[in-house]
Amino acid sequence: MGKTSAILYVSLFLIFLMLLSHSPKKPSTHRRLKLRTNFNFNNPHHHDPIPFDPVVTQMERRLEDRRWEHHYITHSHPDAANDTLSAQAAPGHESQPEWEDFVEAEDYLNDEEKFNVTSRLLQLFPKIDVAPVDGFVTENELTDWNLNQAEKEVMHRTEREMDVHDKNHDGFISFSEYDPPSWAVSSDSSSFAHDMGWWKEEHFNASDADGDGLLNITEFNDFLHPADSKNPELLKWLCKEEVRERDTDKDEKVNFKEFFHGLFDLVRNYDEEAHNTSHSSEDSMEAPAKVLFAQLDKNNDGFLSDEELLPIIEKLHPSEHYYAKQQADYIISQADGDKDGKLSLAEMLENPYVFYSAIFTEEEEEEYDHDEFR
């Protein structure tokens, strides 16, 4: 960081001290930070906001890793799970330390001497204000920060899966090595999971960018999270999966009715979230749906093929960047006091819990609903 940046942040620190000296010792409303433990191992499309603060992310990751290990042993190696249980001195013998760690971690987060959200924001501000370093956090800077946190978490989960499926420990995954999720394997022939191509060989081959029959860590990450991939073959595969899912009459293409009652809803939801607009009635949406359908139907045959869905695939399968921007927009809308579209350090310090709103609950409430991030 250059001399100018150092001077800037010394000035900001002095402002912070002045604000701190004039602020009440305790906030008027206490909000208890709570670690989330609701990661859904059986739904690869479920998306929760990634914590803004890397310290919180590390704590939740430790809890998730323990739950994942228990889930993996129970569902993939039940014999090992039974052996583990039989070796325990008493029921719950192993789970008790994990619960104690969980409580201890939450107590740490809510001890202002150990974890002070205002102090954390002071530390994080110069790490976010980087393009340019000007004493403000813009939407793009906050989006980049959120995206970086999310990509680290996604890669951690991929590496965790890699350790399990790389049975010969050569750093690659072959199709024969990969075991699909238990929910997909156990589904019956009439279920969605049975019909779709996720985790099957076509999905694997589309993820194999270099065509060597094996997936390295980058390709395996794309395999597990295709919405964030830049691999054109994988994006084409996603389009084929959309046709397969929406094609109710099984003619291997999408007519307007199938488009309007399935795909267009996703496009509309994406656009409304991006522009903060609200739903219109079904009747008023049919006209714009027909316009979009006609734009996508390049050969004018009255149907959409998988290739013709490619221009909207990012709206059907939003990427981590979409969610990172959504989270940034929400934070700025809540903390931007002067409505200039960016955040000063003072604005962030005046609204510290906005940055932790994915995990706080007000003291008198039992739950906090964070659906606005979705």
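Quick reminder: no glycine exception, Cβ is built from N, Cα and C everywhere.
Automated prediction, rather than curation, is the source of TrEMBL annotations.
Under the heading domain 'EF-hand', TrEMBL lists 201-230 (among others). A Cβ distance under 8 Å defines the sequence-distant neighbours of the domain 'EF-hand' (201-230), meaning residues of its chain 6+ beyond its ends; these are 44, 151, 154-155, 157-159, 161-162, 171-175, 178, 236-238, 240, 314, 317-321.
Note on the domain 'EF-hand' (284-319): DSSP counts are 23 helix, 1 strand, 12 coil. Residues or ranges marked as domain 'EF-hand' by TrEMBL: 284-319 (among others).
Applying DSSP to the domain 'EF-hand' (323-358) sorts its residues as follows: 24 helix, 3 strand, 9 coil. According to TrEMBL, the feature domain 'EF-hand' maps to 323-358 (among others).
According to TrEMBL, the region 'Disordered' annotation covers 77-98.
Taken from TrEMBL, the feature signal peptide applies to 1-21.
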